[in-house]
Structures are given as C-alpha cells and as structure tokens.
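Listed features, source TrEMBL:
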type	residues	note
DOMAIN	298-471	domain '3-hydroxyacyl-CoA dehydrogenase NAD binding'
DOMAIN	474-578	domain '3-hydroxyacyl-CoA dehydrogenase C-terminal'
DOMAIN	615-701	domain '3-hydroxyacyl-CoA dehydrogenase C-terminal'
Ligand SMILES: CCCCCCC/C=C/C(=O)SCCNC(=O)CCNC(=O)[C@H](O)C(C)(C)COP(=O)(O)OP(=O)(O)OC[C@H]1O[C@@H](n2cnc3c(N)ncnc32)[C@H](O)[C@@H]1OP(=O)(O)O
C-alpha cells in the first residue's frame, strides 16, 4: 500500500509500503492511485514526492502476481496520471528503482537519487520488457543507444551513471527524501510541459537503421534463443520511429507475447529458485534459519594452482585477509604474480583499489595457524588431500573450518581423517573460481550445520550462487553430467558426429556443445578419472563385448583419442582440430571422421541417421533422469537446487529454467515415455532406466514443480 502525509506544509509525501522491496502489488498500485489523487486535489499541496519505505524506492512490479489473475489498477494509466499531473511530482530514489519502479519514476517530473542507489530496467532477465512505458520513455530521455544498452542487458546502473546518462536530475549523499522535498518546493509552480517525457521526441540519431541492425545482430547472437532481448530491441525501435501512442501500442503487443511465454515462466522461476537455494536444509533437519554461521575474517588457501589462485582472488575481493600457501617457491612466485594481475584487472573493471595487501603469501603451512577458515585446493588426489587435512588439523586454532575444493572426491572420507569431522565441508568451485557464479557446498553426514551455514554465507559474500548439496560421487553437477556425456559418446558410435551433437545442444541454448566443451576443458581430465575407475583398457579388442565394461555399455572413444595425444584445445587436436595448440576456433577434423568410421567398422557398428531431436532426448533426458535419482537420494533438497546449479555452472540456458524445470515443462509423462523407449533400445545402459521418483511422480499425476517437494516428502514417508 501507500501512505500519505503532508510535509513542509505544501508537499504531499507518498510512501510506498510493501516490504521487503516495495514491489508494485495490486494494493500498492491502488495506494498510489488514491494518494496521488488526494495530493492533486488538495489545494494546499503545491508539489508531490514519492518515496519508498526502509531505504528502497521500488523493486518493480510484483513478480509473484504474474502467474495469477492480475487485479487492481494497471500500471500504465497510473503512471500517465502522474505524468499529466498539474503539480510537480518528484521521485526520491533510495536503494533500488528497478523495472516498474524506474518506470514509475520516469513518469514523475523529476528524479532525485541517493548516491548509493541503483537503477535499471531488468525485465529482460525475467523474459519481459519494460512494458509500463519504460521502453518508450527511456529512449526519449537518454537517447536510443544508451536505452538499448540498458533495456537489452537489464543491467543496473549506479546513481552516478544515472546522473551522467540523464536518468536522474540530482544525486545526494544525504537524506534523499529531505533533498527531494526541498527540490519539490523549489520547482513548485514551474511549467511541467518540458518534464513530461512521453511528449518528447527521441533524440536524433544518425543511421538509425544501421544501429538497430547491428544491435539486433549482437542481441540475437548473445540471446541463445531467448526471445525477450529481441522484443526489447523491437520496442525501442518503436520508440525511435513511431509517435508515443503508437509506440505504446507496440510495447503492449510485444509484452502480450512475452508475458505468457514459457521463457518468461522459466526466467521468473530462476529468479525465485536463486533465492530459494539460500534457504537450505539438510536431511538431518538442520536449516538455514536455525544455523548460525561463524564469523570469517581471515581465510587461507592451500595450493595455488588454477583453482587456488581463483579462490584467493574471490576471497580477497570480498575484503577478507587471505593467507595463500604454496610449498614450492617457484610456483608461489608465479602464483603471486598471477593473483596480483587478476586482482588489479578486477579492481580496474570495478573502479576500486586492488586488494593486493589483503593477500599474504607463504611456503609454510604453519602460517595458517590463526585463520577462521581454510580452503584446501591441492591436486585432486585423496592421499595428498588427506595428508594436507591432517597437517591442517594439527596447525589450525580450535574451531577453524576446513573446506576442501574438490569436484569428485569423498568429503566424508576426508572428514574422517580429521579429529573434528564436524568442521569439514566441501566447497566445489568452478574454474575460473573468481568468475564462475556457482559454488556447491558439500556436507557429509558429520558436517555441522554451523559449518554449512558458514560456507554458505561465505559463498554469498563472494557473490556466488551457493547451493548446499549432499556428498556423493560428482555431487550434483558432475554426477548429472556423466550420463549426458556418455550418451553423446554413444551417439557418435551409432552414427552422429561431434558437429551434429554440438549443433543440437547449441541450438537448444548451451553456449557450447558437449564436444566443444570437452575440447576446452581437456579430454585427459575424464580419461584420468576413467583410468582411476578401472574402465580404461587397451583399444585393440573389437565387437560388442569390447564396449561392455563393468557390466554396462561403455564407449572407449575418448580414451582412444587420448592415447593419440588428442587432449583438445591445448594439444590442437580433440573432437575438432585447431590451428595450433591453445587456439580456440574449432574446425572440422577429417582425421576424426575417418577414425570414427574405422572405429565403427572395427566394432561392427552400422552408422544410422540421427536427428537433433534424438540428440536432445538422449543427452538431456539422461541428465534429467540422474537429477531425479539425486532428489530421491536426498542429495539435493529440491529441484530448484539442481536447476540453479545447472543454470549458474553448466551453461544450461536460463530461459529454459534448468533441467528439472525443463522436464516439468516438457511433461513428466513424456520424459518417462522417451526414457522407457530408449531404455528398451539400449538395455545395457543403466542411466536410461527411469528413476523410481520419476515413475512415482507420473503415477501421482505429475504434480507441478513447486509441489514436487511435498510429493517427495510424502513418498519418502511412505517407504
Ligand atoms: C500485462 C502486465 C503488464 C505489467 C507491466 C509490468 C512492467 C514491469 C515489470 C517489472 O517491474 S518486472 C520486475 C522488475 N524488477 C526486478 O527484476 C527486480 C527484482 N528484484 C531484485 O533484483 C532484488 O530483489 C533487489 C530489489 C535488488 C533487492 O535485492 P536484495 O538482495 O536486497 O533482496 P532479494 O533477496 O533479492 O529479495 C528480497 C525478497 O524480495 C523478493 N522480491 C524482490 N523483488 C521482487 C519483485 N519485483 N516482486 C516480488 N518479489 C520480489 C525476493 O523474491 C525476496 O523474497 P524471497 O524470494 O526471498 O521470499
């Protein structure tokens, strides 16, 4: 709702009240309509200020209302009524003015912002466009190129940038409402015509067609199939080329298509899923709201390879003191140089001073004696990690949290090697650790809730999407990746090419298909793991039996390439060829195609035609099926956890909402039917065997994704 007061005798002050972000719910919109009407009809009121309670102007339309029948006064006439008012209306912007919140402010005649405020039109990230006049007013106010940039990226700008762009009229370091009231008094009685943005033409722009063509091309490339960014460009084009009323009509038409789209549902689901994962819970019953994190002021990183360096940077950038330990002097010096460079570049990008002094380098593990938390990032070898953990247990002060950065090793086994297993958790970072958003916080059966809470809070401070997951081989992300990659290998055996598989996945929206990704990360990584698992054998045997290992179908294709020294980009050869080692442009490799032909001949395989649909079904449904196993095993608390992991760490297209949301959209019965179909064709592939949770959900009528949690709980209690 909105509260009305008269201040300084002749200023009507309207305060939006809808915690936590003053979203424009039906009640708030009604409140604004009523209070504006009251202010305008009060002869004692000469001007009006609109602000938000608790230091935040407005977080935009209430996203929760989008899925329901919207009631209450619509935004557009409400904003028009403000713009056409005959008394000056000033927006006092503290905290955030986002989406509908900024659109409301653009309807006001003046905008005063606090220096710490952030403004933006992030609707595109929810699968929408600024459809309360924002796509038409912003270009008129700041020009087409700047408006295109803000609207198509959804980025938030600082108050300083907003002032420079002309979005706000004044920035204050002091009380924003007081500044806005003073300003409102100073402009009372002035002509408002020049302040009504909808009446302005868009600032002239040379070569408008060329500009829109260039932007549209760029947006199509980066959108990876998302429709909202394209609609945003079309809406701004309408602002630049049509009178305001027609532009508004175009904005309405474009929004009507987006509003009910599956992509908008997926993106809005992601918004809430990212917040839901912060409310973590463990099978023991421990939860985010009953577990208090320990304060972490000083942290240490052990092992300064690629991961350790990235983790050090991520920690230092959050303002922590970091002890960075590497036992070999040469490596330590190299790491110091690399870390300093990363910190300097990061600081330059963010316009702050680099936190170089925040990192102390040492060759001696004793240097970590007084830290609050250690992240071990040594080579992925259980014996080495165990040794480091034993050393840490002896050196660190009591209560220090011991975290291991591992992508696959058993966190519980490591914990059991320390005297205080409750202080041990996994922190699975993704390379480069200072850039990638995802962090899996892995708890073992003995990790204390406080340890999990501390790691989760630290992840949040580092700006990560932190997801608490149980301990199992590959945790959540890599465990689901395994069947996905294996299906891609099987498809090659059956007649597909790396190009075909990658094209299908990239058209689906992944930034890279599975083979281009494998070339980038290095084929030797999986080879080492498969060797460790005893799966790799000399490649001379032929026939079906040579492709059954440990009782299940196995494709040795990746091993055979590694035996040839084809490790991907770093060697210049992999599933593709590259101009030189380290080069990034993947080219068709005729050798690889002859190799595949010879391999099929050797094993009596006859290549058949495989289409994109089969690639997607086999790779994605195998991955999704593993997700259902993970939910059933209690490794992830809910589908949102899995989806956030895939969207933030594995390139799953956000506009498809994550694998479990996608399964929900496709229909669980359809996913089950296709898995059963492929399982019949490939009975020697266990990961195509539909999970019992999927079967049970389908049997109970395929509840919508937000009800899976209840269904899983109920089903577990019946077991
Ligand atoms: C045909 C219909 C025509 C309609 C035209 C509509 C045109 C306008 C469209 C829009 O305005 S869409 C919304 C645009 N706004 C946003 O995208 C902003 C989203 N919010 C944020 O970015 C952040 O929440 C924040 C405002 C920067 C605050 O960040 P902070 O880290 O402080 O808090 P959070 O944890 O993110 O949020 C707290 C709490 O509030 C919920 N919430 C936030 N914004 C909204 C919102 N716009 N609507 C509903 N709820 C919102 C958020 O979900 C959190 O709650 P929980 O999920 O934790 O319960």
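Including glycine, each Cβ sits where the backbone N, Cα and C put it.
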Integer mean pLDDT for the domain '3-hydroxyacyl-CoA dehydrogenase NAD binding' (298-471): 95
Secondary structure composition of the domain '3-hydroxyacyl-CoA dehydrogenase C-terminal' (474-578) [DSSP: H/G/I, E/B, coil]: 61 helix, 7 strand, 37 coil
Counts by DSSP class (helix H/G/I, strand E/B, coil) across the domain '3-hydroxyacyl-CoA dehydrogenase C-terminal' (615-701): 66 helix, 0 strand, 21 coil
